[in-house]
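Asks: I'd like to ask you about the structure that follows.
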């Protein structure tokens, strides 16, 4: 039978019928993307294949499993109600992904307007303005991407937005959340949201996450937060502070957890009510401030038993301006590393120490190794997560070239990254 990629076919095997679009396949096999969003592969000599007449675009895709909606550039009808104004900025990632029915691949092609069209409930919550900042997978984000995004957010707030939602890939969401937390002092909510499962999948979390994010965007929580599923069920989303959140699972819908802190609160998906657990900065409490400076030449180095101290030589000799060490337990590295820490600080490179344990607080005053690290100039990261410490270091070095001032700032709690007492 003659068929090509993107053709719609029916496959019969052992009395069971499968329908879908043809994907790239190995010789002798056929792989299809079924309407459910799942892939199925078959040996061609063991099945009956029928080419279907309807080879147009699939009408079972889209973000909500229904008809595909308007794509980039097409206007989405605005709500006539007087609702809060919320800007939704798209950067790509799974929440902005859809199936390319020609190849069956998942691509970041949906825009903010597409998301709004596909989740009509959003229009009952706020009057949205959609804007595409980028269409990339989150592993391709960098400090320049964070700065561009932050500038766009500030522009929307200055233009009168009552809240801002950023759609983002989940893999590096915590880095972006931290960067925005340090760069922007905001008078309105800035909410980062994504999804673990692409929109074509029946188990996609995108719609619920987006609705919960919209509710936070019109709330009085004037901080940078991450809003994602709180459990594997569709019952509530958690609101995580942007400097206390971490992705803790590769694929679960409730992958994001607040570390060393409780979440700011939760959004009940059924009642649409928000319940808060900790103090937070309220809407209008502080004026808008924007400090976008970032120093990209910083590194996070994980210590492992037996790893040689010459690792640090590479960064020191290559012109890096700061280091974060992810040590063991209370924040330790081999004693062989201590002279290299001294070499770095002598070169005016701040060195922050964090823990691989994630939960708990650094204390380098208990054992001799830790005390020697402090004598060499290491800075205790307190209960800051390693990844957040890296972003903080990049931001601080983007604000000052003066070593002592940088050290002073790194020891301070700037945006909730250091807490007085760790959550147990």
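In case you wondered, yes, glycine gets a Cβ from its N, Cα and C as well.
Annotation source Swiss-Prot lists active site at 94, 170, 171, 247, citing sequence analysis. Summarising the annotation, Swiss-Prot assigns compositional bias 'Basic and acidic residues' to 66-78. Feature annotation from Swiss-Prot assigns domain 'Asparaginase/glutaminase' to 84-406; the stated evidence is sequence analysis. Per Swiss-Prot, region 'Disordered' is recorded for 58-79.
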Asks: If you skip the near sequence neighbours and keep only those at least six away, which residues in the chain come within under 8 angstroms of residue 171 (active site), Cβ to Cβ?
Replies: 137, 138, 139, 247
Asks: Would you say which of the active-site residues 170, 247 has the most Cβ atoms within 10 Å of its own Cβ?
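Replies: Buried the deepest by this measure is 170.
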Asks: Where does residue 170 (active site) sit in the DSSP three-state scheme?
Replies: coil
